Structures are given as structure tokens and as C-alpha cells.
Amino acid sequence: MLIVDIIVLWIHIFCAIIFVGGSFFMWLVLWPASFKVTQDERERTLMVGRVAKRFAYFTHVTIATLVVTGIYNATWYLGGNYDLLATEGGRILLAKVILVGIMIFVIYFNNIYHGRKITRLAREGKIQEVQRIRRYTHVMSYFSLALMVAIIFLATSLQFF
Ligand code: HEM
């Protein structure tokens, strides 16, 4: 039904806005601003960690919703032809799903796992350990942001095929 398709696509896009917008906000706004709030490395790490933990709830909900609504969108988008390799649009969708899978893996197995570890180490005052892990998580975070940009590019391309 058209109205259901519209509502589900709206939920999909709205979740993408919260998820992608929130992720970029963390790196473009919160992280640089945290250096101006306090010079105390332990306090700063705990503050950013607290915000990241709260944003993680939204990450869980929006990613789960994006996957469920995305699968629904795919049913009308592929128009009964469920062979993802048969059409240009299907291949773009397949590439998008693969990138989504990689992004989910990177976010859960690196950012969230290490994020909790960083907060615990900061609370224990082990700042050198924190800095060592943080170098690694920063690379992973930039990689997940790059994946988001690529996923949005593929999502936009779907409109034209
Ligand atoms: C298994 C996961 C997913 C599937 C199967 C999926 C599938 C789809 C489909 C079929 C569309 C409709 C394309 C059209 O309007 O022509 C769509 C739109 C869209 N998707 Fe996804 N999606 C998934 C995950 C995601 C994720 C994780 C994001 C964001 C990071 C995202 C962002 C978007 C956006 C922004 C649109 C709107 C594009 C537009 O209308 O121009 N999707 N998706």
C-alpha cells in the first residue's frame, strides 16, 4: 500500500538523519568543544564517554530500525524481482547492504567495545592506556563516518535506477 510505503520510507530517512547526524555531531562538535570545557584529561574523557553512552542507545534503536525498514523498502524497490544482481538498482542496493554490514561490525566491535573500556580506564586514572586505545578507535570512527557517507551516496543513487 502506497501510504504504508511512504510512512516506512519516512521512518527510514528520519532514523538515518538521527544516526548519521548524531555521529557527525559527536566528531565535529562535541569532541573539539570538549577541549574548551576542561583541561583535565580524565574529566574530559568521562564527559565525552557519558555523552557517547547516551548516544549509543539511539545508535542501537536507529540501526535496528534502519535494517528492518530497509528490508521493507527493498520489497517495493525491487518490485517482486528479488534477484539483487539482475538490475542496476539491485546491484547498488546489494553494495549498500554490504557497506551497512561492514559499518555495523566496525561500530559494535570497535567503537562501543573500546568506548566502554576507555571510560573505565579513565575512571581508574589510566590515562596512558586511554590514549593508546584512543588512537585506534579514532581511525575506526573516521572509517565508520566514511562508510556512512558512502551509504548515503548509494541510497541517493537508488533514486535514479
Ligand atoms: C539492510 C539495510 C538497509 C536496506 C536494505 C536499505 C534499503 C533502502 C531502500 C530500498 C531505499 C529506497 C530507495 C529509493 O527511495 O529509491 C532506501 C532509502 C534510503 N536509505 Fe536505506 N537501507 C538500509 C540501511 C540504511 C542505512 C544504515 C542508512 C543510513 C546510514 C540508510 C539511508 C537511507 C536513505 C538516506 C535513504 C533515502 C534515499 C532517497 O530517497 O534518496 N539506509 N534504503
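The backbone N, Cα and C atoms fix where each Cβ goes, glycine too.
Now, the feature entries from TrEMBL:
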DOMAIN    50-156  domain 'Copper resistance protein D'
TRANSMEM  6-33  transmembrane segment
TRANSMEM  54-72  transmembrane segment
TRANSMEM  92-113  transmembrane segment
TRANSMEM  139-160  transmembrane segment
Same-chain residues near the transmembrane segment (6-33), Cβ under 8 Å, at least 6 residues beyond its ends: 48, 51-52, 55, 58-59, 61-63, 65-66, 69-70, 72-73, 141-142, 144-145, 148, 152, 155
Against which stretches of its own chain does the transmembrane segment (139-160) lie, if we need a Cβ under 8 Å and a gap of at least six residues from its ends? 16, 19-20, 23-24, 27, 77, 89, 92-93, 95-96, 99-100, 102-103, 106-107, 110-111, 114
Mean per-residue pLDDT computed across the domain 'Copper resistance protein D' (50-156): 91
What DSSP reports for the domain 'Copper resistance protein D' (50-156) is 94 helix, 0 strand, 13 coil
